[in-house]
Amino acid sequence: MNSKIFAVLLLLGLLSCVLSDQYCPKSSITACKKMNIRNDCCKDDDCTGGSWCCATPCGNFCKYPADRPGGKRAAGGKSCKTGYVY
């Protein structure tokens, strides 16, 4: 009996961990002209209010996490600069 209760609790714990994952939202834009590409952020620390720095075809923008995968976190790095990327 105790092992069944333990198994159920373990399963519920694992399920809650999986369901609580958050991701960058999927971008609705598939392409962007080079002259319109800009980065508002390069890393999560550039964002405020619990938002993340997410990569889109038009640059990096601060977005609130979504429950479904599909988007991509910005890679950042030394070559990343904020502003327009010509």
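Using the three backbone atoms N, Cα and C, a Cβ is placed for every residue, glycine included.
What Swiss-Prot records for this protein:
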- 1-20: signal peptide (SIGNAL)
- 21-66: domain 'WAP' (DOMAIN)
- CYS24-CYS54: disulfide bond (DISULFID)
- CYS32-CYS58: disulfide bond (DISULFID)
- CYS41-CYS53: disulfide bond (DISULFID)
- CYS42-CYS80: disulfide bond (DISULFID)
- CYS47-CYS62: disulfide bond (DISULFID)
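Feature map: annotations from Swiss-Prot on the structure.
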residue: CYS24; record: disulfide bond; CB count, 10 Å: 22
residue: CYS32; record: disulfide bond; CB count, 10 Å: 14
residue: CYS41; record: disulfide bond; CB count, 10 Å: 23
residue: CYS42; record: disulfide bond; CB count, 10 Å: 19
residue: CYS47; record: disulfide bond; CB count, 10 Å: 20
residue: CYS53; record: disulfide bond; CB count, 10 Å: 23
residue: CYS54; record: disulfide bond; CB count, 10 Å: 26
residue: CYS58; record: disulfide bond; CB count, 10 Å: 17
residue: CYS62; record: disulfide bond; CB count, 10 Å: 17
residue: CYS80; record: disulfide bond; CB count, 10 Å: 18
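Residue counts for the domain 'WAP' (21-66) under DSSP, split into helix (H, G, I), strand (E, B) and coil, are 6 helix, 14 strand, 26 coil. Rounded to a whole value, the Cα-Cα separation of CYS42 (disulfide bond) and CYS32 (disulfide bond) is 18 Å.
Between the C-alpha atoms of CYS54 (disulfide bond) and CYS62 (disulfide bond), the distance comes to 6 Å. You'll find the Cα of CYS58 (disulfide bond) roughly 12 Å from the Cα of CYS41 (disulfide bond).
CYS41 (disulfide bond) is 17 Å away from CYS32 (disulfide bond) when you measure Cα to Cα. For CYS53 (disulfide bond), the disulfide-bonded residues whose C-alpha atoms fall inside a 10 Å radius of its own C-alpha are CYS24, CYS47, CYS62, out of CYS24, CYS47, CYS62, CYS80.
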